[in-house]
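Beneath this line is the structure, given in structure tokens, with notes to follow.
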Amino acid sequence: WNERFWLPHNVTWADLQSTEEAAFPQAEDLYLAFPLAFCIFMIRLVFERFIAKPCALGLKVQANGPQKAQPNAILEKVFTAITKHPDEKRLEGLSKQLDWDVRSIQRWFRQRRNQEKPSTLRKFCESMWRFTFYLYIFTYGVRFLKKMPWLWNTRQCWSGYPYQPLMPDLHYYYIVELSFYWSLMFSQFIDVKRKDFGIMFTHHIVTVTLITFSYVTNLTRVGTLILCLHDAADIVLEAAKMANYCKCQKLSDLLFLTFAVVFIVSRLGIYPLWILNTTLFELYEALGSFPALWVFNVLLMVLQILHCFWSYLIIKAAYRAISKGKVAKDARSDVESSSDEEETVPRSKASHSTVTTNGTSGANGTNGYLTGATSSEEH
């Protein structure tokens with residue numbers, strides 16, 4: 001807590017202690033995020049059970065999971081203890097041991113792998129929860145920010161810094177966002193597993209660190225701009241996923257293309273030209289340099305690198321959507337980490353292999369969107 005690291009020159013922690021006249025962000029306020037994160041997770045469970053699930057069933061979202069493999073002790077032992085993807089040699093050995101043909105054994109392993117994948121119903125409920133939260137918090141952020149001068153002039157983020165009183169609405173906005181991302185940090189281990197799990201985990205760590213860091217150093221004005229900017233694309237993303245789970249392909253593709261435009265404009269356009277410009281240049285002009293400022297900017301740049309990676313994947317998916325008339329299978333989110341592929345028939349037995357998707361039509365379409373995280377992910 002060295003003041004020369006965290007604060008501008010000639011500013012001390014004592015200067016930022018809350019008084020009866022003015023309240024300032026205090027590090028201990030952040031402890032509120034942990035019980036609130038637990039409450040948000042409990043609200044999510046209730047929401048998914050009593051609101052999202054009935055909505056999904058009303059929209060005729062597939063409730064049953066993949067077909068289950070018939071019980072077989074030998075194959076189950078191989079699946080759980082040795083490999084979920086037996087090679088050609090092992091397949092032939094099992095074929096002789098069980099007196100099954102190779103194709104039947106391949107089918108068993110494919111069905112057994114699919115048993116571990118989440119149902120479309122579960123994925124719909126998860127997306128509906130995130131859509132509802134993002135819509136609520138984005139609406140709250142817009143209503144709050146439209147009254148604030150720093151929305152229209154980013155130099156106002158640094159006017160009077162760091163002696164900027166903490167408004168109750170801003171405090172609520174920050175703590176709820178932080179609590180939500182803490183809940184995602186833990187729930188992602190039980191949520192639908194995606195291929196970019198590691199990247200999303202990094203994203204959540206950066207997000208929580210940025211929110212915490214900016215609150216402690218009272219960089220909350222620019223922090224509210226970052227939060228609101230990122231939530232915009234996540235709403236459309238989750239809506240596109242829900243449309244896909246409902247098999248409304250045209251609506252899903254339209255929403256995905258809308259998401260692609262919103263994401264790229266906000267993350268590759270507005271974010272660097274509006275946010276990074278004020279934190280890298282306007283802040284330096286107003287206050288000079290201190291170590292915490294550079295740490296803050298490094299975290300913001302890490303976030304921009306993630307934006308570029310996700311934008312590349314989104315552009316690829318959008319190009320397929322335009323060129324083929326529908327969104328093809330995307331390389332990133334909502335493609336479960338458990339295998340999507342049917343085991344290849346040995347070349348000696350067949351001339352080609354078959355690929356299946358995770359419970360949707362052949363083009364995994366808008367089931368493969370980038371989140372967040374969301375979002376994208378994402379903040």
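From the backbone N, Cα and C atoms, a Cβ is placed for every residue, glycine too.
Worth saying up front: this structure is predicted, and the values here are computed from it rather than measured.
Listed in TrEMBL:
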type	residues	note
TRANSMEM	30-47	transmembrane segment
DOMAIN	75-119	domain 'Homeobox'
DNA_BIND	77-120	DNA-binding region
DOMAIN	122-323	domain 'TLC'
TRANSMEM	172-190	transmembrane segment
TRANSMEM	197-216	transmembrane segment
TRANSMEM	254-274	transmembrane segment
TRANSMEM	294-315	transmembrane segment
REGION	331-379	region 'Disordered'
COMPBIAS	356-368	compositional bias 'Low complexity'
Going by DSSP, how much of the domain 'Homeobox' (75-119) is helix, how much is strand and how much is coil, in residues? 32 helix, 0 strand, 13 coil
Which residues of the chain, 6 or more past the ends of the transmembrane segment (172-190), have a CB below 8 A from one of its CBs? 29-30, 32-34, 36-41, 44, 133, 137, 140-141, 144, 197, 200-201, 204-205, 207-208, 211-212, 215, 220, 223-224, 227, 379
